[in-house]
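Chemist: Okay, handing you the structure first.
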Amino acid sequence: MSTLSREPLPPAAGPTGPLPPAGADPPRVPLALTAVRAVAALVAVAALAVTLWGGIDERGAALAFAVLIGVGELARWSGAEERESAPLAAAGALAYALLGENAGHPTHDGVPQIVAVVTAASLLGCVPHVAKGRGPTADHLTRRVLTVAFAAVCFQPLYNEGRLTEWAGTGPAYAALVVALLLLTALWDAVLAAAMAHARTRWPFGPLLRDELRGTLGIGSAVCATGAVMALAVAVAGLWALPVLCLPLLLTQLSFRRYAAVRTTYRQTIASLARATEIAGYTPAGHARRVAALSRAVGRELGLSGPELTILEYAALMHDIGQLSLVDPVPGGATAALAPAEQRRIALLGGAVVRQTGVAAEVAVVVERQADPYREQPVSASIVRAVNAYEETAGEAGPGGPFRALEELRLGTARDYRPEVVESLARVLARDGLTLPLVG
Amino acid sequence: MRSVPPWARVYVVCTALAAAFCAVPVPDTRAPWPAVALFAVLCAACELLAASRFAGDGGPEGAGASGEPGASLRWHTPVMLAAAFLLPPPAAALVPLPGALLARVEQRPRRLRRVWRAAQLALSTWAASKVHWSLGGRDAVVTSDFPYALVAAGAAVVAFCLVLTVLDGGILALAERVPVRAAWRGLFLRSLAPVAVHGLAGLMMAVLWRSPYGPAAALLVLLPMYVSWWVFAQYHRERAAHRATIRALVQAVDIKDGYTRGHSERVGQASMMIARELGMDDERAEVLRFAGILHDVGKLGVPTRLLRKDGPLTPEERRVIELHPEYGHEMVRGIGFLGEARSAILHHHERLDGSGYPYGLKGGQIPEFARVVAVADAFDAMTSTRSYRRARPVPVALEELERCAGAQFDPRMVEAFVRALVRQGWHPAVTADETPPHAEPHHPPAPRVPTDPDSGRRTDRAAGPDPRRGTVGGSGSGP
């Protein structure tokens, strides 16, 4: 442990300013992102140029798909953490990329035309969103262009040369091939999204990819299925299939929206419950929120998955709720300085309150075990414990507090604080500059 | 439907007979029997998949066989409709049978419910198929003759929905004793939109089923339906958890303040009654209910010692307690959906003459929701038993409210509340541990607690409005 504590402290811990590391790191962060965006822009511009030069084949189909994609973009919903915010546009774009026949007649749209139509329609559909300043449009479009280009490059040349029908005929095998191509595209999209998120946030790539893939199982699978069905149904029934297939997918989007809304409300209610201790004067203002944000960052650093992070966040928000049962407040709300038995008693009281609230039982377990020695704790509980202790010490100690707080945590790694968590916390602080808890 | 009325049994048996009658011509029908079997197996598989995935979760469909409208609609309805679009009517009627007969049913009587659901679905599918067949829709589907295929499918969907809702309304009227008119009202229009979406999916399934790509491609249509159904189930679970959290929040307040259990819930209920009486729409009434439920949530921020103090309160202590509306407002500030309810939480101790707190607003300056909650709060405080006095009967409490209307309460709200009580009576959903006030209308008059001139608290709680400030019980927070 001594080697660990001798490690040079992150520059972030300096008292000079809250965000020095953020100032030191960013030049590297957007570089990868800029490169990806530049590639997408290049692809789009090249496709548009080629298409303008050569003219558009199959105007009816191009127009129908463009309208579908444009409307899908218009109906996009800038949800907080949604993986696919414009499912209709995504499905339409994929279907256009994988379009082989239109009502029995083979089509010969080249890759450039497909990319050009999708780009133009998406740009038009995005105009109102950009005008209202909603949602990160650039990344959204980047992903759309690169994903569609991937699908089109995989499918169209093979189809136009007749190889595809040679291999698979026009029966069920062809449908299976389309589905397989879509799966490949979904995989590519997930990798792309995870890579972009990684470039933006510098969270570890593995868990990000896992979360993206899990998201693909939800609305992503509905989008892929609709994309495949659209491509096949247009081949059989012509362009009438498009509006008919829109409605089921819109229903899916609606369900997701309602779910997202109720989740948001729920999170807000939990945060309010957490604020009760602050308003009662048991804990400093903003403490629960800061512990939750920092715990989430540490959990992500340690590679916890999406649902685990939610449990961790809820538990961190409510970790002090047991103090509500105390008749007199603990001075400064600093539970980390209390005797272990007392800490554990408060933790158990908190668990009892949390169990009444209807959140998952795992949350209550984390709250209950937050004061145990780390060897007996689940990882999430040890994260809450370490972050809480850091927050309390760093907040009290004034300038230089973050240094001292980390130092104390490192000294406590024999029994109280899990060493990996403490080191992860140090890395998060160095990176994100969440050092002075008084900020925010 | 604990004990099934005999007429309901007769009704179910008749429906089953009608369904059997529809399937009578089966032996003489020329139908693609492998396709019929495949459809039936698919239906049953979907049904079992749904049951195994969400056993005990109380998903959106829950267990309801006949209870709620549209209960027979599940995410695999497109399978039945696709069968109706492709098969001759008697064969189509067979498709939903195995699934409905095998499905898990939660509520008793299980066998009757299974039979009912199977018969209902068979009849609806048969009707849809009949209409579709007679319009020549099948050929339109097979040749993908497009605008016309949509017309035929639309007619079939309307027939399906009509039969489904008429049968549903009948069972509601007979088994649940819902008045006939109420049972049918809106049922059809409400279920038409979902059935139409299912119908479009079913049409695409049928088209792909007959295309060179085959039934496997048709299955892909089901995936979006399955996903949205799954999300819908998650939504219900999350919403239930949210409600539990709010309940826990108010229970914490009730315990902390030594209220009789359920004070907050009852205030929510009374606020809702006033909202209905004032003709507010459902959404606002629901928000107002939350305002009532959460009105005292700020007391979580007041030390328990002060809330439960037995003796008189010093002016400083009273000031601390009077901070609770602001604490409450601060706490719920981040909850977006509460909207107007937040102002009610902040201002529910304001009084019409401007002598309330925290801001001393007057008359129309006080938000409407706050005026409603003030009346509901005072009423429940008076009609429930507290540690320091017994509950007062409802009429006495109403008299008090009317006496203080104008000075403390908005007369419009008091009137609305009186009217609502006359019409519906007072049936608190969560009753106190002690005898509920409405059960004993001939209560002895509330005993007076010895009056302490310094303490408005004891005095006005026991004796109703203090002549000087006219405080009625309030929420028990004192002055």
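Yeah, the Cβs are placed from backbone N, Cα and C, and that goes for glycine too.
From a predicted model like this one, the values you see are computed outputs, not experimental measurements.
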Chemist: Taking B:115-135, B:409-429 as the choices, which stretch does TrEMBL tie to transmembrane segment?
Modeler: B:115-135
Chemist: Out of B:6-26, B:115-135, B:147-175, B:187-209, which stretch has the largest tally of CB pairs under 8 angstroms to the transmembrane segment (B:75-103)?
Modeler: B:115-135
Chemist: Near the transmembrane segment (B:115-135), which residues from the same chain, at least 6 beyond its ends, have a CB less than 8 A from one of its CBs?
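Modeler: Contacts of the transmembrane segment (B:115-135) (Cβ under 8 Å, skipping residues fewer than 6 from its ends): 12, 15-16, 18-19, 22-23, 65-66, 72, 80-81, 83-85, 87-90, 92-97, 100-101, 103, 105, 151-153, 155-164, 167-168, 171.
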Chemist: With Cβ-Cβ distances below 8 Å as the criterion, list the same-chain residues six or more beyond the ends of the transmembrane segment (B:147-175) that contact it, or say none.
Modeler: 1, 4-5, 7-8, 11-12, 15, 66, 69-73, 81, 84-85, 116, 120, 123-125, 127-132, 135-137, 140-141, 183-184, 187-188, 191-192, 195-196, 198-200, 202-203, 207
Chemist: So what's near the transmembrane segment (B:187-209) in sequence-distant terms, Cβ-Cβ under 8 Å and 6+ beyond its ends?
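Modeler: Result: 35, 69-70, 73, 77-82, 84-86, 141, 144, 149-150, 153-154, 156-158, 160-162, 164-165, 168-169, 215, 217-218, 220-222, 224-225.
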